[in-house]
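*Asks:* Have a look at this one before I ask anything.
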Protein chains: 2
Amino acid sequence: MNKSEAVSVKSTQMEGNKSLYIIKIGGNVIDNSENLYHFLKDFTALDGYKILVHGGGKVATQVAEDMGIEAKLVDGRRITDIETLRVVTMVYGGLINKNIVAQLQRFGTNAIGLTGADGNFIQAIKRPVKTIDYGFVGDIHEKSINPDNISRLMEAGFTPAFCALTHDGEGQLLNTNADTIASALAVSLSSLYDTTLIYCFEKKGVLQDIDDEDSLIREINPEHYEELKIKKIIHSGMLPKLDNAFTAIACGVKAVIIGKSDDLGNLKNNKPFGTRLSKNA
Amino acid sequence: MNKSEAVSVKSTQMEGNKSLYIIKIGGNVIDNSENLYHFLKDFTALDGYKILVHGGGKVATQVAEDMGIEAKLVDGRRITDIETLRVVTMVYGGLINKNIVAQLQRFGTNAIGLTGADGNFIQAIKRPVKTIDYGFVGDIHEKSINPDNISRLMEAGFTPAFCALTHDGEGQLLNTNADTIASALAVSLSSLYDTTLIYCFEKKGVLQDIDDEDSLIREINPEHYEELKIKKIIHSGMLPKLDNAFTAIACGVKAVIIGKSDDLGNLKNNKPFGTRLSKNA
C-alpha cells in the first residue's frame, strides 16, 4: 500500500459506511394517488442511497376480478396458483412498478424498477409443500441476496425500486412478501452501508393507545420492547412486525422506523418521524 | 498525460470500440415458447455487450379481451387509450418482460428488464394530435436516448432487456414501437460501441423470391438496394423496414441484420446469418 492509498483508506474508515434507506410502502400509499404523489416527492428529497420496496395494493385483486380469476384460499391462506402469478407479475412488476418509476423520474430520482429476477438480485426457494401447497410463493433464505450486485447498480447512479416478486434462478418467477423482501435487503446491505429500514403503514408509528395517534412511542430498544410486551401495550398484529424488526437489528441493520408515509418529509428535516427501533443504548 | 496513460489510450484506440449487438424480437418469437427458449439460449451464447428489445405479441390482445377491453381503431389505425396503456404496461412491462428476464437469468445472462422510464433511458414525446388522436403513443426524437446512461448500466455488468414502453419525463408512460426503439438505441449507442442491429422476423432474411426461403440475399449495400428496388425484387412491406435500416447505417450503425431467430446461433459460430445490410464497400 503506498502513502496516498493509506490516507484514502483511513479517511473512508473515519467517515464510516455510506448511509442507505430502504423504504417499504404498501396498499395505503399505493392505492391512494395523492398519498403516493407526496410519498414519492419526499422519497426523492431524501439524501444518500435509497431503495424503494412496494407491495401490491387492491389493484391486483381488481385486475384478477376483471379477468375472471377467483382468489384461491386454502384453510384461509391465500394461494398463488399459476393464474394468480400471471396477474401479480402484470400488476406488481408492470402496472404499479413502472408507474412508480415514471413518477420518480418526474421528481428527479433516477429509479430502475425491479423484480428479484432482474440482475439476479433476489433468489428465493419455492415454498415446499407440507400441509398446504401455497403455489408459486418464494421464501427468502440466507443467500438470497448478493449485496455487491445491488451495490454495483446503486454506485452506477441508479435507485432500485423493487416489487414483491423474486425468482428461483431456474426461470420461475415467485411471489414474495414485500415486508420480507425489505427486511432481507436491509440485513444483506448492512454489510456495505449504514442501513435504516423504514416501514410505512397507516398509523403514525407504534402507539401506547391504538385509538390515540398522539400516543406515539418515539423510540423502542429491545429492553423497552420486553417491558411493553409484558404490560400488553404491544400485542396482536404489531408483535410479528416488531419481532422481525428487532431480528433485522440483531443482524446488523442500524435502525428500523415504523411510521406514516405523510411524515417521511420529517426525516429530511431532522424532525421526529414514527417509532424508531434500535439497539440497547 | 503521463506515460502509462498514453500507452493505455493508444491500446484502446488500436482495439477500436467495443462491439454491441442490439437484437429485436417480435410476436413470432414471443408467442412461441419453444422459439423463445432457443432464442434466449442463443442470445446468452453471444459474446460482447448485448441489448434485447421485445415487442408485444398476441398476449396483450388476449389479456385486453379477457378484461373486456376492446381494441380501439380510428381510420384503421390502432389507438392507445388509457385502458389499452394499462394493459400494455402490465403485459409488456410485467408479464412478457419479467418472464424473459427470469429465463435469461436461468441461462446465465445477468439481464435487467426495462421500460424507457427506468433509468430515464428513453424519453419520448406524446404524439401530437393532428387528424387522429393516437392516445398514449410516444414518438422518439433526437435526444430521446442518453447513451452514457445506458452504457453505465452495461459497464456495471448488466444486460438491458427493453420492452416497447417509453415515458415523457413528466410521469406519463407511453407506448412506442419496438422496431423504432431498437433502431434509436442502435444509432445512439453507435457513438460508444461498434453496434450491430438485428431484427428477428419470420423469414430467413430478405428473399429474392418471397415464397422460396432458399433465395436469401446475403448482403445488401445502399447501391445494391437501389437496384433491387428498381427491379421490384424488394417491395411493399419490406421497403419501410429496409429504408429504416439504411437510415440507421447512415447514422453510424455498423450493420443491420434481418434474419430468423432460429439462425441466431450462426452468428456465434461465424456462419452466415440472415441478410446483412451495410455501407457501400
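Just so you know, the numbers here start at 1 and follow the chain as drawn.
Even glycines carry a Cβ here, placed using N, Cα and C.
Where the annotation comes from TrEMBL, it is an automatic prediction and has not been curated.
Pasting the feature list from TrEMBL:
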DOMAIN    A:21-258  domain 'Aspartate/glutamate/uridylate kinase'
SITE      A:Lys24  site 'Transition state stabilizer'
BINDING   A:Gly56, A:Gly57, A:Arg78, A:Asn175  substrate binding site
SITE      A:Lys241  site 'Transition state stabilizer'
*Asks:* I need the neighbours of the substrate site defined by A:Gly56, A:Gly57, A:Arg78, A:Asn175. Which other residues of that chain put their C-beta within 8 angstroms of the C-beta centroid, in sequence order?
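*Replies:* Apart from A:Gly56, A:Gly57, A:Arg78, A:Asn175, the close residues are A:Gly55, A:Ala60, A:Thr61, A:Val88, A:Tyr92, A:Ala164.
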*Asks:* Over the domain 'Aspartate/glutamate/uridylate kinase' (A:21-258), what is the model's mean pLDDT?
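*Replies:* Looking only at the domain 'Aspartate/glutamate/uridylate kinase' (A:21-258), pLDDT averages out to 95.
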*Asks:* Any idea what the Cα distance is from A:Lys241 (site 'Transition state stabilizer') over to A:Gly56 (substrate binding site), rounded to a whole Å?
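*Replies:* It is 18 Å, counting Cα to Cα.
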*Asks:* 10 Å Cβ neighbour count around A:Lys241 (site 'Transition state stabilizer')?
*Replies:* 16
*Asks:* If you count Cβ atoms within 10 Å of each one, which of the recorded positions A:Lys24, A:Arg78 comes out on top?
*Replies:* A:Lys24
*Asks:* Compute all pairwise C-alpha distances among A:Gly56, A:Gly57, A:Arg78, A:Asn175, the residues listed as binding substrate, and give the largest one in whole angstrom.
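*Replies:* For the residues that bind substrate, the greatest Cα distance is 15 Å.
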*Asks:* Cα-Cα, whole number of Å: A:Gly56 (substrate binding site) versus A:Lys24 (site 'Transition state stabilizer')?
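*Replies:* So the alpha carbons of A:Gly56 (substrate binding site) and A:Lys24 (site 'Transition state stabilizer') sit roughly 11 Å from each other.
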*Asks:* Under a criterion of Cβ-Cβ distance under 8 Å and sequence separation of at least 6, what residues of the same chain contact A:Gly57 (substrate binding site)?
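*Replies:* In sequence order, the residues whose Cβ lies under 8 Å from that of A:Gly57 (substrate binding site) (at least 6 apart) are A:Gly26, A:Gly27, A:Ile30, A:Asp31, A:Ile96.
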*Asks:* A:Gly56, A:Asn175: which of these binding-site residues has the sparsest Cβ neighbourhood within 10 Å?
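*Replies:* Comparing Cβ neighbours within 10 Å for the binding-site residues A:Gly56, A:Asn175, A:Gly56 has the fewest.
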